[in-house]
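Annotated features, as they stand in TrEMBL:
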BINDING   Ser63, Asn115, Glu160, Asn167, Tyr191, Tyr242, Val260  substrate binding site
Amino acid sequence: MKLNEVLDELVIKNRPISQYGNVANYIPELDKAQKDALGIFITDITGNKFHAGDWNTKFTIQSISKIVTLMLAILDNGEEYVFSKVGMEPTGDPFNSIVKLETSRGRKPYNPMINAGAIAVSSMIKGKDAREKFERLLDFFKLISEDSTLDVNYKIYCGEAETGNRNRAMGYFLKSEGIIDGNVEDALTVYFKQCSIEVTAETLSKIALFLVNNGKISTGETIIPPRVATIIKTLMVTCGMYDSSGEFAIRVGIPSKSGVGGGILSVVPGKMAIGVYGPSLDEKGNPIAGVALLEDLSKKLNLTIF
Ligand code: DON
């Protein structure tokens, strides 16, 4: 059976699972997504492309942006500085949890994938103000995805900025602890905008391909050192699916990062780059049918890295 046919079959099989989840509604506009949408786009290591279902539907990248911002923050500041401010350990708590910020011994966010850690990382992007910081970050997104059309969905951005009081609270707490050095509002603006970048499953597959190629774009140019690509992939395994990361590692076994917009970006080292879209989320904020689709695909093609 050809891979395109396999993907068609798996989308048909898993689409009904969408009914057991819900589209995110805590950010205005996200609830406009079609609940049973499901799509996948795969680029293999030799550049062949395969897709099925709603692979071309636009949605916002949300938390998947955290891995890209982390790459640029490490390029801008070095690994040592970044991880002096943000840890490397999974939390076992929800992505927007606040509780460990004050109780943890190091008094720093546990990892760069939870919102608190990601806001701290966004504050590290170099630039004289929020505009310059975000321009640099968007240019970096365009460079590694090789897609110059990427842009912010401003309706979603405004919704995030208006309703993101929990994120704002965490930002100010991090400032009071000396984790955020510069202006908190600048850090939050960069964070809300990066989450609101509009993508498709194909875009996610392109960013994943950059990681499959250990930080090289198609011209052969190295954009991030292989060491940084390894850090990102490792954090995807341990923290990429939040407090489901352990279960996901067992069920799917592919380094992945999810977002509440419905995306999952998955990297199968040495083999393929996968983008998934399915906006119906489980109770932990991961795409419910998208995870089931990846589980089936991983079993069928034996993609687990473990
Ligand atoms: O800050 C937030 O809550 C959102 N902009 C991003 C959260 C997210 O995508 C969590 N992912 N599952």
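Every residue, even glycine, has its Cβ placed from backbone N, Cα and C.
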Q) Near the Cβ of Glu160 (substrate binding site), how many other Cβ atoms are there if near means within 10 Å? A) 25
Q. Tell me, by DSSP, whether Asn167 (substrate binding site) is helix, strand or coil?
A. helix
Q: Identify, in sequence order, the residues in the chain of Asn115 (substrate binding site) that are 6 or more apart from it along the sequence and have a CB within less than 8 Å of its CB; answer 'none' if there are none.
A: Ser63, Phe95, Asn96, Arg166, Asn167, Met170
Q: Could you measure the widest C-alpha to C-alpha distance across Ser63, Asn115, Glu160, Asn167, Tyr191, Tyr242, Val260, the residues recorded as binding substrate, and give it to a whole number of angstrom?
A: 20
Q: Check the binding-site residues Ser63, Asn167 for other C-beta atoms within 10 angstroms of each C-beta and report the one with the most.
A: Ser63
